[in-house]
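Trainee: Pulled these features from TrEMBL for this protein:
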ACT_SITE  B:ASP7  active site
ACT_SITE  B:GLU68  active site
ACT_SITE  B:ASP141  active site
BINDING   B:ASP7, B:ASP141  Mg(2+) 1 binding site
BINDING   B:GLU68  Mg(2+) 2 binding site
There are 2 protein chains.
Amino acid sequence: MRVLGVDPGLTRCGVGVVEGVAGRPLTMRGVGVVRTPTDAELGQRLVAIEQGIEQWLDEHRPECVAVERVFSQHNVRTVMGTAQASAVAMLCASRRGIPVALHTPSEVKAAVTGSGRADKAQVGAMVTRLLRLAAPPKPADAADALALAICHIWRAPAKNRLQQAVQQQAALHASKHASKGRTP
Amino acid sequence: MRVLGVDPGLTRCGVGVVEGVAGRPLTMRGVGVVRTPTDAELGQRLVAIEQGIEQWLDEHRPECVAVERVFSQHNVRTVMGTAQASAVAMLCASRRGIPVALHTPSEVKAAVTGSGRADKAQVGAMVTRLLRLAAPPKPADAADALALAICHIWRAPAKNRLQQAVQQQAALHASKHASKGRTP
């Protein structure tokens with residue numbers, strides 16, 4: 001499974017591609033940051049983010065895009081920009097029919113470090129170890145994007161099992177109703 | 001001047017096109033709502049908003065797009081959706097090179113009713129009167145989009161005068177420096 005992780009931001013939008021399956025060593029396929037100038041108009045910055053994300057999708061053809069779920073308990077100004085950058089990332093993926101998954105910052109931290117309250121350095125250290133890199137990816141937004149992708153690969157099997165269980169239950173329910181229908 | 005006003009929202013995104021200049025009667029060229037199903041995935045909803053906005057841009061070829069500036073003092077969940085829908089509207093306009101203007105809700109209310117704290121009914125009544133409509137546009141999001149467009153047309157001359165003054169000042173400053181340079 002190849003996943004593009006996106007840590008959304010207007011000034012720095014972290015992007016990282018990880019390939020692998022849960023339970024096996026993972027491989028980094030690419031990491032970087034889409035930057036937009038702080039003095040540009042908001043609309044122009046969103047266009048620059050769209051172009052950047054499109055390039056990453058073109059180059060890496062991910063099967064899924066994992067985006068950080070944005071909450072508004074943080075700084076008000078930052079959150080609006082983050083929400084807008086995340087909207088562009090989701091739009092680019094969905095337009096191509098690529099599934100989008102959202103993970104909260106604490107889900108990501110818990111997935112890679114074991115603690116939902118881990119700091120940036122700890123996340124960076126674990127990403128470096130898990131992907132067998134020579135040094136932590138910089139800036140932190142790039143490391144966070146890789147952590148998002150890792151989190152998604154590791155959480156996906158559990159989610160799939162849950163979906164299968166729900167589908168089996170629904171199928172069972174439907175067949176019961178169908179047999180009832182046949183014996184009125 | 002033809003302006004597309006956008007009252008951003010994920011479930012209902014109000015759109016309205018107004019043509020005219022400050023000081024003359026204004027004309028409504030179109031009004032409507034881009035809707036997305038609440039049970040669809042977020043990425044799919046953003047794609048639907050993009051398609052809707054693109055249709056309005058194709059059909060009406062506005063010279064400017066006026067979008068409501070989103071604040072986060074409101075309901076947390078709603079605000080994130082509003083920020084994301086507004087990002088899509090700004091992206092669509094900027095991608096075509098159409099200037100985007102942001103106006104706050106109180107600027108819009110003050111422009112059309114004289115009070116920044118006017119309620120929805122008052123805004124609807126004034127939009128109806130100013131555009132000489134038979135009845136207030138429904139839903140309120142559609143009326144708000146028209147109010148945004150009206151606000152932009154009326155505020156634009158003041159902004160242009162301000163820009164001209166700034167440019168004149170800058171030109172004056174530059175010519176002073178240039179003449180200083182010539183007489184060392």
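Positions of Cβ are set from backbone N, Cα and C atoms, glycine also.
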Trainee: Fewest neighbouring Cβ atoms within 10 Å: which of the active-site residues B:ASP7, B:GLU68, B:ASP141?
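Mentor: Least crowded of the active-site residues B:ASP7, B:GLU68, B:ASP141, by Cβ count within 10 Å, is B:ASP141.
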Trainee: How big is the Cα-to-Cα gap, in Å, between B:ASP141 (active site) and B:GLU68 (active site)?
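Mentor: About 11 Å separate the Cα atoms of these two residues.
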Trainee: What's the CA to CA span in angstrom from B:ASP7 (active site) over to B:GLU68 (active site)?
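Mentor: A Cα-Cα distance of 6 Å.
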